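Asker: First the structure, which I've put down as structure tokens, then a few questions once you've had a look.
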Amino acid sequence: MTQQIKYKRVLLKLSGESLMGSDPFGINHDTIVQTVGEIAEVVKMGVQVGIVVGGGNIFRGVSAQAGSMDRATADYMGMMATVMNALALKDAFETLGIKARVQSALSMQQIAETYARPKAIQYLEEGKVVIFAAGTGNPFFTTDTAAALRGAEMNCDVMLKATNVDGVYTADPKKDSSATRYETITFDEALLKNLKVMDATAFALCRERKLNIVVFGIAKEGSLKRVVTGENEGTLVHC
């Protein structure tokens with residue numbers, strides 16, 4: 001029996017760190033294969049998937065800036081790191097027979113298309129995975145904000161934030177064993193409780209555009225499929 005799909009078009013935010021696996025930095029082969037396999041499963045179900053990937057496994061602009069590097073320069077270096085991750089994801093998808101396209105917010109014509117909204121939407125409608133690289137193309141904006149922006153531009157049904165924990169908790173579950181996971185929470189409640197779902201700019205954009213967010217753990221087998229079919233997975237942040 002075909003499973004009912006709750007979200008037809010999604011924007012998946014992947015952190016660069018989620019590609020490291022147990023390695024201290026870089027891209028872990030087994031981890032990227034597992035992650036792409038999870039995404040490929042929902043693509044085959046007919047879900048249209050756009051991805052914004054971070055670059056923290058290779059370079060973190062904020063950390064470099066703290067070490068006296070010019071912040072704008074550091075952020076541009078971070079954007080380059082996201083392009084490297086995007087190319088790795090594209091290669092992994094194509095190994096599985098899933099068509100994927102990389103669109104970069106910075107012009108790099110030899111290795112990626114320059115971001116163009118109509119073309120990206122066309123690719124999604126054709127069943128291709130679209131990987132958005134280089135953040136927003138501007139310094140001082142996080143990849144969370146890029147994900148919110150692309151999610152709004154692509155008219156996505158939901159933004160899915162893949163993290164290393166399986167949702168939003170009352171406290172850090174790694175530090176507080178009594179922390180409990182929220183199944184659902186409103187944007188206003190998350191603000192009131194000062195829950196760090198994502199950075200303030202991204203959160204405000206999602207709230208304004210009424211783009212709901214699901215925070216979930218991508219490393220948990222089958223978690224993405226459960227999210228897109230509307231099962232109780234992760235935390236739904238809603239209007």
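Any Cβ shown, glycine's included, is placed from N, Cα and C.
As annotated by Swiss-Prot, ATP binding site applies to Lys13, Leu14, Ser15, Gly16, Gly56, Arg60, Thr163, Asn164, Tyr169, Asp172. Marked as UMP binding site by Swiss-Prot: Gly55, Asp75, Thr136, Gly137, Asn138, Pro139, Phe140, Phe141, Thr142, Thr143.
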Asker: Counting every protein chain present, what is the number of Cβ atoms, excluding its own, within 10 Å of the Cβ of Asn138 (UMP binding site)?
Answerer: 15
Asker: Around the Cβ of Tyr169 (ATP binding site), how many other Cβ atoms lie within 10 Å? Please give the count over every shown protein chain.
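Answerer: Its Cβ has 17 other Cβ atoms within 10 Å.
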Asker: Given Ser15 (ATP binding site) and Gly55 (UMP binding site), what distance in Å do their CA atoms have, once rounded to a whole number?
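Answerer: Distance between the two Cα atoms comes out at 7 Å.
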Asker: To see if you understand the setup: which same-chain residues, six or more apart in sequence, place their Cβ under 8 Å from that of Thr136 (UMP binding site)?
Answerer: Ala105, Thr145, Ala146, Leu149
Asker: Could you say which of the binding-site residues Gly55, Gly56 has its Cβ with the most other Cβ atoms inside 10 Å?
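Answerer: Output for this query is Gly55.
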Asker: Can you tell which of the binding-site residues Gly56, Thr163, Tyr169 lies nearest to Phe140 (UMP binding site) in space, using Cα positions?
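Answerer: Closest by Cα distance to Phe140 (UMP binding site) among the binding-site residues Gly56, Thr163, Tyr169: Gly56.
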Asker: Express the distance between the Cα positions of Gly56 (ATP binding site) and Asn138 (UMP binding site) as a whole number of Å.
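Answerer: Cα-Cα distance, Gly56 (ATP binding site) to Asn138 (UMP binding site): 17 Å.
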Asker: Can you tell me how far the Cα of Asn138 (UMP binding site) sits from the Cα of Lys13 (ATP binding site), in Å?
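Answerer: Between the alpha carbons of Asn138 (UMP binding site) and Lys13 (ATP binding site) there are 18 Å.
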Asker: Could you state the whole-number distance in Å separating the C-alpha atoms of Thr163 (ATP binding site) and Gly55 (UMP binding site)?
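Answerer: Cα to Cα, Thr163 (ATP binding site) and Gly55 (UMP binding site) are separated by 14 Å.
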Asker: Using a Cβ-Cβ cut-off under 8 angstroms and a sequence gap of six or more, which residues of the chain neighbour Lys13 (ATP binding site)?
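Answerer: Once residues fewer than 6 apart are set aside, Lys13 (ATP binding site) is near Ile51, Val52, Gly54, Thr143, Asp144, Ala147, Met159, Leu160, Lys161, Ala162, Met198.
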